[in-house]
Amino acid sequence: MSLSELYSQNTRVWIPDPEDVWRPAELTRDYKEGDRSLQLRLEDDTIQEYPIDAQSKQLPFLRNPDILVGENDLTALSYLHEPAVLHNLKVRFLESNHIYTYCGIVLVAINPYEQLPIYGQDVIYAYSGQNMGDMDPHIFAVAEEAYKQMARDEKNQSIIVSGESGAGKTVSAKYAMRYFATVGGSASDTNIEEKVLASSPIMEAIGNAKTTRNDNSSRFGKYIQIGFDKRYHIIGANMRTYLLEKSRVVFQADDERNYHIFYQLCAAASLPELKELALTCAEDFFYTSQGGDTSIEGVDDAEDFEKTRQAFTLLGVRESHQISIFKIIASILHLGNVEIQAERQDDSCSVSPQDEHLSAFCRLLGVEHSQMEHWLCHRKLVTTAETYVKTMSLQQVVNARNALAKHIYAQLFGWIVEQVNKALHTALKQHSFIGVLDIYGFETFEVNSFEQFCINYANEKLQQQFNSHVFKLEQEEYMKEQIPWTLIDFYDNQPCIDLIEAKLGILDLLDEECKVPKGTDQNWAQKLYDRHGGCQHFQKPRMSNTAFIVAHFADKVEYLSDGFLEKNRDTVYEEQINILKASKCPLVADLFHDDKDSVPAPSTSAKGSKIQVRSSRPLLKASNKEHKKTVGHQFRTSLQLLMETLNATTPHYVRCVKPNDEKLPFHFDPKRAVQQLRACGVLETIRISAAGYPSRWTYHDFFNRYRMLIKKRELAGGDKKAICRSVLESLIKDPDKFQFGRTKIFFRAGQVAYLEKLRADKFRAATITIQKTVRGWLQRVKYRRLKGATLTLQRYCRGHLARRLAEHLRRTRAAVVFQKQYRMRRARLAHRKVRRAAIVIQACTRGMLVRRIYRQVLREHKATVIQKHVRGWAARRHFLRLRGAAIVIQCAFRRLKARQELKALKIEARSAEHLKRLNVGMENKVVQLQRKIDDQNKEFKTLSEQLSAAASAHAMEVTKLRKELAHYQQSPGGDVGLRLQEEVESLRTELQRAHSERKILEDAHSRENDELRKRVADLEQENALLKDEKEQLNHQILSQSKDDLARGSAQENLLVKKELEEERSRYQNLVKEYSRLEQRYDNLRDEMTIIKQTPGHKRNPSNQSSLESDSNYPSISTSEVGDTEDALQQVEETGLEKAALDMTVFLKLQKRVRELEQERRKLQAQLERREQQDGRKVQVEPPKNDIDLDQDTDLAYNTLKRQELESENKKLKNDLNELRKAVADQATQNNAAPGSPDGYGLLLNQLRLANEELEVRKEEVLILRTQIVSADQRRLAGKSAEPNINARTSWPNSEKHVDQEDAIEAYHGVCQTNSKTEDWGYLNEDGELGLAYQGLKQVARLLEAQLQAQSRAHEEEVECLKTQVEALKEEMDRQQQTFSQTLLLSPEAQVEFGVQQEMSRLTNENLDLKELVEKLEKNEKKLKKQLKIHMKRVQDLEAAQTLAQNGKRHQELSRQVAVQRKEKDFQGMLEYHREDEALLIRNLVTELKPQALAGTVPCLPAYILYMCIRHADYVNDDLKVHSLLTSTINGIKKVLKKHSDDFEMTSFWLSNTCRLLHCLKQYSGDEGFMTQNTAKQNEHCLKNFDLTEYRQVLSDLSIQIYQQLIKIAEGVLQPMIVSAMLENESIQGLSGVKPTGYRKRSSSMADGDHAYCLEAVIRQMSSFHTVMCDQGLDPEIILQVFKQLFYMITAVTLNNLLLRKDVCSWSTGMQLRYNISQLEEWLRGRNLHQSGAVQTMEPLIQAAQLLQLKKKTPEDAEAICSLSTSLSTQQIVKILNLYTPLNEFEERVTVGFIRTIQAQLQDRNDPQQLLLDYKHMFPVLFPFNPSALTMDSIHIPACLNLEFLTEV
């Protein structure tokens, strides 16, 4: 490819610019060979001629295509040169706000001067485990790469962070250490990672200062080694420091500060513990006020001081040492303020003895004031013969003072570093380490001195190491891909290093000059000129004889030699040091007693052992200061050791760049940036890469990107490598421009841009063809549309004309028809009018004649009517007068009879029985009325019988009289006949009188019945009125609260649900933390057992420790206490500590027994008082006359009736008040349950239940009191004879048989309790309290059973009585009707009618008896058949027993009986012996495989365990229940710990644990859990124990298992998510691959990595779903599992989308939406769409939509804001910044559009967190899910080996 092809018209290039360094331009015409200039068009459309150098013929640099601009890796650029690198960094920094960019192996970090939210814990977890090229550039990616390589290669790593002051080196190093501390947390409880992070505030305080370029500049270099163990957890750290800038202690330039610790101390001087430091503000001290402003904007020194102290405390520095450190620092400030006065002679000076600062200095350091005052101004000269004391000049004293201050600070700095290292040191063996080097970058100032020289020397060494490492990596890459290796020429700075450190180099000459007594800086500079004047890297300035220039790799630097010798010597007078050695302060004496060499010992191991900060102490103290090593020598030695350490590790490079000197956020200065890029080696990396093959493509990616350039016939081949070879050979003619590697294709610089141009041309040609075809098709469609429209218009016009003609014809014909009809109608109307008039005249005439005749007839009729009424009135008046007289007579007679009846009723009403009946309740009244009706019926029957007897006697008498009459008639004598006739008349009279009396009695009976019915009706009506009033009040309350509940219910439910979710989440997090701590405790315990185990110590293998670990339930049962021996045995087994827990139970029982005894005494006293009062009343009651009795009776009756009504009314009012109060509380406090549709109904139910419970408790208390009193009376009556406990008289109202043993045990418990009431202190001895409690409990149980039986019998009796009352009412009505009919008949007919009735009654009874006989016969036949069957079975059994062996006869018999019992009487319980419990847990829990139960009932182990628990409850063995449940829980935990990564096993035990929890709820006896139980299931409920606490433990265990299940599923799915959701091409051919750089695939990736597709994820989730369904897991839990998994998929996918620029494209959005639709379809197919999983994917759905929406106009911005409701503002802006076009035809998102989005979203209150927390876990709910199975229907398979279980 020739230059003319590259530099053609419209080609974009870079030209130099004095302001922007490089400026873009565009060629306006083609370049031809030999042209001396290029015609360019600039961005402002100006034309410029660019001259071409005739000698070099260097053309301007070519620009990269727009699609490559903004790449993550600079090596991905096709054209690699300085302007391309600078432009790419500028675009990423300013437009996308990306501060990190890769440049090969280097991470370029630009300081944003603004806090960015990209360093949180969520970002750390997002980068953890990721490959370096898969995510956007970040310091965390470099740290993760180092961590992974350390773990994989088992080689030590180093991260080298360099850059100018203010570029962000310290912050980058801090974030790298934070990443290691988070990812590789310590394995023990030492919290070493917190200590590593805590060292940063200390080192910043004592080693950082404000400079003109940085407010927190590190003025020393440090190398921190973070040690790891074999499991790659942090175990310790070590720090090494380099070249502290000591001169800053005594001097600061303008607008700079001293070290931060000085200003922090001054800011905190007012603290009480710092009063003795005598500090004031920083402006008052010379050493802190030389730079001017002593404060930093936005920094609070007092707050930072507190952080520093906290860091000291965390690292273990004692408070006394901290105060000593602060004293030393404060003494330096006071030393700087010491005033030195010059004497008259110039060579002497003095210090005032009253100088307060010198006094403070001596006091704080604990030295003698006089000695320090003397030796500050004098020095000692030692010669061979004698010693002289010489005075010093003012300048010498000032220098000596400053040197002393610097030396003190340097020694303190070294001591603090040593203390930090001690705190970070560990005794454990270090397996590997990662070093973080935070060292100064290349520096050049207007005046450069010794410090800058050392800094630049260190950077020369680091640059040499960097160049060799880059060269080595390039060579390894070529060799790996089997590319022919060609030597790459790269800059070697070894000559410059030799100039500095070689023999007779700059440092050697400096050390030599320092040894000369009269050596000066000028002499040293002259020696440099003489020695190195001819060196190419050394130059002499023209205008100076004291400066020299060194040509470093970055730039030429001029150093001023003044001060080099003094700084290199670092001279401190020995006399001053001796004074400090004699200090009273231990720390000061320790600092200076043995002056230690700061050069560490070069001791390294093969594995790269820790580098010590300081060397070991010399055995012999140096006798002279000349023997001290110079600073240059020390620095060279430590630097050499550092390079050896770095060469032994794998380095990772971070180059920090300072974008501007004004510290403006996101402001880019190209000049400053280019200087630093040249200095830090980034451009050198680019140059080395460009010299080889910088662009590298895999065959697969190349094929996908450029397959449109391949011909169709070439695509027929299946080998992609061969296709790529052929197409490249045809497209690029020069074979040197590319190379084919083993897995990649390597391109020279510019070739990818050429291929992109060919690709764009191909797309452009295809686009033109498509546009041409589409436009032609659109025109043809338009023509056809116009032609069709024309034909349509013509057709419609012609039709319209035809329709208009037809309409005219129709209207003409219609007009003719209208005329005809109108004329006809007018003639008809005229005829009808004439006819109607004639008819009217005729009708009027005829009517007049008829009315005349009618009036005549009417007058005659009225006269007749008047005559009739007058005659009738006269007759009626006469009749009324007679009837009135008769009525008056009747009324008088009836009044007399009524008075007599009333008197009889009053007498009856005054009787005591009547009053007693009235005092009983409504039900008793009904019973009394019924009894009275029965009495009246009996009386009626008696009267009927008397009447029938009288009738029969009368008939007999009549017959007799007739016979006598006949006899007398036959016989003569008229007197006898007359006499007989008189007797007959008298008998008739008596009969009539009997009839009248009977009628009177019947009337009285009917009136009394009516009165009773009326009274009952009145009472019922009154009760109904009260109930109606109650209902009205209820409805009124409901209506009043209904609106309030409706308004507040939605918000209240949301709040309550939210609080419930938060509380549940917190609780489950606590459970999760508890399980984690428990696991950690187990691990530590195992480790301690292994480490500390000795031959004399042996662990008890029992499960006692596991039992003690589960302390959620008591060790000794608190439900009931056995005898004393059992209690003592339990105490011995469980230990005193657990027994102490149960003493609270004994104390509670003791208190309860005391209360019961006091209550018994009170009841007994009340009973005695009432008996005495009743006896007095019977004896003293005086007689009363009839009148007083009547009055008292009426008064008592009225009083009792009033009291009864008042009590009923009061009860109803109390109910109403309670209801009103409950509703008011509900309305005000919003206490309704969440989601409750009828809160008031719930309150009514609660009130009803509470009342019922209260009544039950009252009855129990009364019965218990009665039993205690009766027992006490029996005990006092006679102790010799034992009472019959089972007698019915001892348990009143009991119809149930009582067990003899239980009753005796209960009676003994009561008796022992009563016998010990005198001294309750004895109850705590010998278990008597337990016996008393046992007896009371048995009494309570028996009474409860009796009450239940009595209540059931009472209910049955009431129902029976009601039925009898109804039958009697019907019978009475029927008899009354019969009686009334009988009275109307004659006596003979009455007798005949009575006989007929009796015959019908006897017939009915006979029929009933026949039916009863038939039923009995059927039952007899049935019983005979069953008897035959049983007899046959018995015979078969006897035959089988006869044939069996004699030795096994008993066993076979018992086995046969057991089998027979299973078939007949299996009650769903399993019995086992206590010694078989371990075997049961082993076979059913620890060694059970889920596959063994395939095809059986789901959750079979849970059912078996419950049946065992039920049997233990049945036999009332609480220890067995406790032991079984504890062993089960511990066994499940052991299984889950062993199979911590087995999804099937975890799901199996989650389903079984939940089922066991449901069984404990379903059969607990609580009515709330028994609503869906059958009658058979209710029989399987627990009878004796309340296992609520164990239900809570099982619930917590279920939460732990659920969390482990989610963790396993997430661990399986997480590696598949990114590849399946973002990288895999679900829609083939949609996505294209962009050019990638060095970081596309990191070196940490394994060769076996493979991509996952969405089908793999769906198959895995289907597998999870199948496993959970097969194992019977509750559907609600399955829904929650997939909701959690889908949230994790969303979080991981969205986080990767937010951290990867290469996937933020339109095609990725399309792929993502397709994948989401596939997941939604899977949810619907599995019926999981109601789980809420789709809602969790809403952020991902909106992110996919955001990638596909238009992003140009304000309307697009508004649409994005309205659609992206689930995304935060930060996430939306991040996606827009990352959006990358895959083709040149797409446009980038402009900065203005992003600003518009931010403006529209500024009102949102979004969280500041960028990434989703993929570790967030929704709180799990375990809804109650009862089983439809009954326990007796469960079959135990033989594979479980549970033969020792016996079915009961």
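A Cβ is built for glycine as well, from the same backbone N, Cα and C atoms used for every other residue.
Helix, strand and coil residue tallies for the domain 'Myosin N-terminal SH3-like' (8-60), in that order: 0 helix, 24 strand, 29 coil [DSSP]. The annotation domain 'Myosin N-terminal SH3-like' is assigned in TrEMBL to 8-60.
The domain 'Myosin motor' annotation in TrEMBL covers 69-760.
The Cβ of Ser165 (ATP binding site) has Thr211, Arg213, Asn214, Ser217, Ser218, Tyr440, Gly441, Glu443 as same-chain neighbours under 8 Å, each 6 or more residues away in sequence. Residues or ranges marked as ATP binding site in TrEMBL: Gly163, Glu164, Ser165, Gly166, Ala167, Gly168, Lys169, Thr170.
Annotation comment: TrEMBL describes 599-629 (among others) as region 'Disordered'.
Annotation comment: TrEMBL describes 601-615 (among others) as compositional bias 'Polar residues'.
Secondary structure of the region 'Actin-binding' (639-661) per DSSP (helix as H, G, I; strand as E, B; remaining residues coil): 9 helix, 8 strand, 6 coil. Feature annotation from TrEMBL assigns region 'Actin-binding' to 639-661.
Under the heading region 'Disordered', TrEMBL lists 1092-1127 (among others).
Summarising the annotation, TrEMBL assigns compositional bias 'Polar residues' to 1101-1121 (among others).
The annotation region 'Disordered' is assigned in TrEMBL to 1166-1189 (among others).
Here TrEMBL flags 1166-1187 as compositional bias 'Basic and acidic residues'.
TrEMBL lists 1526-1803 with the feature domain 'Dilute'.
Cβ atoms within 8 Å of the centroid of the Cβ atoms of Gly163, Glu164, Ser165, Gly166, Ala167, Gly168, Lys169, Thr170 (the ATP site) belong to the same-chain residues Asn111, Arg213, Asn214, Ser217, Ser218, Gly441, Cys656, Lys658, site residues excluded. Counted within 10 Å of its Cβ, the other Cβ atoms near Glu164 (ATP binding site) come to 25, all protein chains included. The sparsest Cβ neighbourhood within 10 Å, among the listed binding-site residues (Gly166, Gly168), is found at Gly166.
In this view, Gly163 (ATP binding site) is surrounded by 27 other Cβ atoms within 10 Å of its Cβ, with every protein chain counted. Non-local contacts of Thr170 (ATP binding site) by the CB criterion (under 8 A, 6+ apart in sequence, same chain) comprise Glu204, Asn208, Asn216, Ser218, Asp438.
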